[in-house]
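The next block holds one structure in the form of structure tokens; read it before the comments.
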Amino acid sequence: MGSSEIKSPEGLPETPATYDGVSNPIHSKKLGIYFLESDNRRMAFGRGYTGGTTPVNIHGKPIPDLSKTGGWIAALFIFGNEMAERMAYFGLSVNMVAFMFYIMHRPFTSSSNAVNNFLGISQVSSVLGGFLADAYLGRYWTIAIFTTIYLAGLTGITLCATMNIFMPDQGQCDQLSLLLGNCEPAKSWQMLYLNTVLYVTGFGAAGIRPCVSSFGADQFDERGENYKSHLDRFFNFFYLSVTIGAIVAFTLVVYIQMKHGWGSAFGSLAIAMGMSNMLFFIGTPLYRHRLPGGSPLTRVAQVLVAAFQKRKASFSSSELIGLYEVPGKRSAIKGSGKIAHTDDFRCLDKAALQLKEDGVDPSPWRLCTVTQVEEVKILIKLVPIPACTIMLNLILTEYLTLSVQQAYTLNTHLGHLKLPVTSMPVFPCLSIFLILSLYYSVFVPIFRRITGHPRGASQLQRVGIGLAFSILSVAWAAIFERYRRKYAIEHGYEFSFLTPMPNLSAYWLLIQYCLIGIAEVFCIVGLLEFLYEEAPDAMKSIGSAYAALAGGMGCFAASILNSIVKSVTGNPDKRQQSWLSQNINTGRFEYFYWLLTVLSAINFCAFLYSARRYKYRAEQKFGIQEVVTNKQNTPARG
């Protein structure tokens, strides 16, 4: 078999071989001592391979002149698509609870949980969109298909809010009947239709969310001198477009709903989505694309199966030829460069152990390349970081409903202007907009002096700063809620939970809103950039889907936590109200906020532990050029 041996870079720590966790000092050797490259390897991913991450056009052909494609101009078209998607997402999240309560006559609690579940499923299913993009469709076609599905769902929701056949009778339902639950409830088939179009919309979002940020980042040349700076600014501007979409949803869409009704409000979201789709398709000639690398799930499964089959093989066996890798600088995985071997999760390295018994044409389910094994390791190592942001997403989900309930009891007048209660979540967005606008002129210089980092703070430091501010936000929310409830009881508003107290301003909520806005800027933007840079080349969309998955888990966790708190703290038999009673003045929301504070502090400690242990891929020097140089000085084997 024609093969050549490639030594690992010098300076790797000596790692004793182990068998079933027992070190064998006599036969100790570096795991990464050999990368064996074979010309006779049968490719598992089609004929041949495409190396590196060279951008191609929409037809899969190399782009002759990169200067005519990509860059900030192409990114602007992508920003427009994300802005409309976020506008629709937040427009539904803030209005759908009220629509189900006031129009479909569903209880507030069940309406809130239904919307939380919709938001959670739409984000959790982002893994599917990321998988399709990385495996088969590519990011462009995934966005194109799922934005069309999204538009169809929004159109269906608009019809539900426009045509009387889809709504229960509104004639005999005044505010008192609504509060007492005496209004005619929606028929089962009406709720089935609403839930169907709602989840069609969520399914559409699942294909867009993991791909848009990655597709936008693909427009920048990773070999350029300013690539890191451009990428850093791109993710900040990307989240700025998210924020603008949210601001429009919390202001203009709410205004349209109040003046022209629910049908016009949801219709405006559909129109915005349709216009953004047109804008996205107009930019098609400017986009740079990455070839899909084949099914990442198949590659992960191959590594796990191969490692299991060779679980009894010893790293010091006389049958060992080396750790297997394809020849040259290119990877066997389309759209991916080679990845250096690391000593993490050594049990998975057995999938790349080439033994004499493997023969000249081994099955990819028995022998995998080092790069394929390292892909799986990276996916595992990334998990703790986005997992620690689930708590922040839980808080953001709770704020969408709990802070609105608080605002109903407060004076929302700003001078002679009365702000709608459903527009209150616009204030975190305004704080995010302000922070992102001042980020490079104010925050980066300040943090650069503190941390010494050229971009102010590393990605993980930014995530940590965000989590710290989220703790401050919920702690303040608990302090203010205790004061608000005491004021309501002392002034005779204990049972008037939908009556605003004229002498207590809703703008005290701005403190918790601004703090959570700061948390969101640092944490989510830092996380998106971290996942894009650290994810394997052929799994960028799945890496981005980790962030959406954390968001979805936060929504589900919010619903679960609410249910647990209500069942534990409430006792209907003894007429004991739960902490999260529908009457906020008889409930104990401040206790719930303190619970969130404690959970957030524990989560922050877990993040510090995970971040301290994590090593950026840039720190794991591989140096293809070094390896090739070493190759020339090493005798061939076999």
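Note that Cβ sites are derived from N, Cα and C of the backbone, with glycine treated the same way.
In TrEMBL this protein carries:
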{"type": "REGION", "residues": "1-23", "note": "region 'Disordered'"}
{"type": "TRANSMEM", "residues": "87-105", "note": "transmembrane segment"}
{"type": "TRANSMEM", "residues": "117-137", "note": "transmembrane segment"}
{"type": "TRANSMEM", "residues": "143-166", "note": "transmembrane segment"}
{"type": "TRANSMEM", "residues": "237-256", "note": "transmembrane segment"}
{"type": "TRANSMEM", "residues": "262-282", "note": "transmembrane segment"}
{"type": "TRANSMEM", "residues": "382-402", "note": "transmembrane segment"}
{"type": "TRANSMEM", "residues": "422-442", "note": "transmembrane segment"}
{"type": "TRANSMEM", "residues": "463-480", "note": "transmembrane segment"}
{"type": "TRANSMEM", "residues": "506-532", "note": "transmembrane segment"}
{"type": "TRANSMEM", "residues": "544-565", "note": "transmembrane segment"}
{"type": "TRANSMEM", "residues": "591-611", "note": "transmembrane segment"}
Long-range neighbours of the transmembrane segment (506-532), counting only residues six or more past its ends (CB under 8 A): 213-214, 217, 231-232, 235-236, 238-239, 382, 385-386, 389, 392, 395-396, 399, 403, 406-407, 410-412, 414, 419, 421, 424-425, 427-432, 435-436, 439, 457, 459-463, 465-470, 472-474, 476-477, 480, 484, 500, 540, 543-544, 546-547, 550
Using Cβ atoms and a strict cutoff of less than 8 Å, what residues sit near the transmembrane segment (422-442) while being 6 or more residues removed from its termini? 90, 94-95, 98, 233, 236-237, 239-240, 243-244, 246-247, 250-251, 254, 257, 399-400, 403-404, 407, 412, 506, 509-510, 513-514, 516-518, 520-521, 525
May I ask whether the transmembrane segment (143-166) has at least three C-beta pairs under 8 Å with the transmembrane segment (262-282), counting pairs 6 or more apart in sequence? yes
The transmembrane segment (117-137) and the transmembrane segment (544-565) contact flag, 3+ Cβ pairs under 8 angstroms: yes
Report, as numbers and ranges, every residue of the chain located at least six residues beyond the transmembrane segment (591-611) whose Cβ falls under 8 Å of a Cβ in that stretch; write 'none' if there are none. 384-385, 388, 390-392, 394-395, 398, 402, 460, 463-464, 467-468, 470-471, 474-475, 477-478, 481, 565, 569, 579-580
Near the transmembrane segment (544-565) in space but 6 or more residues beyond its ends, with Cβ under 8 Å, are 109, 112-113, 116-117, 119-127, 129-131, 206, 209-211, 213-214, 382-383, 386-387, 389-398, 524, 527-528, 531-532, 535, 578-580, 592, 595
Cβ contacts the transmembrane segment (237-256)/the transmembrane segment (463-480), at least three under 8 Å, sequence gap 6 or more: no
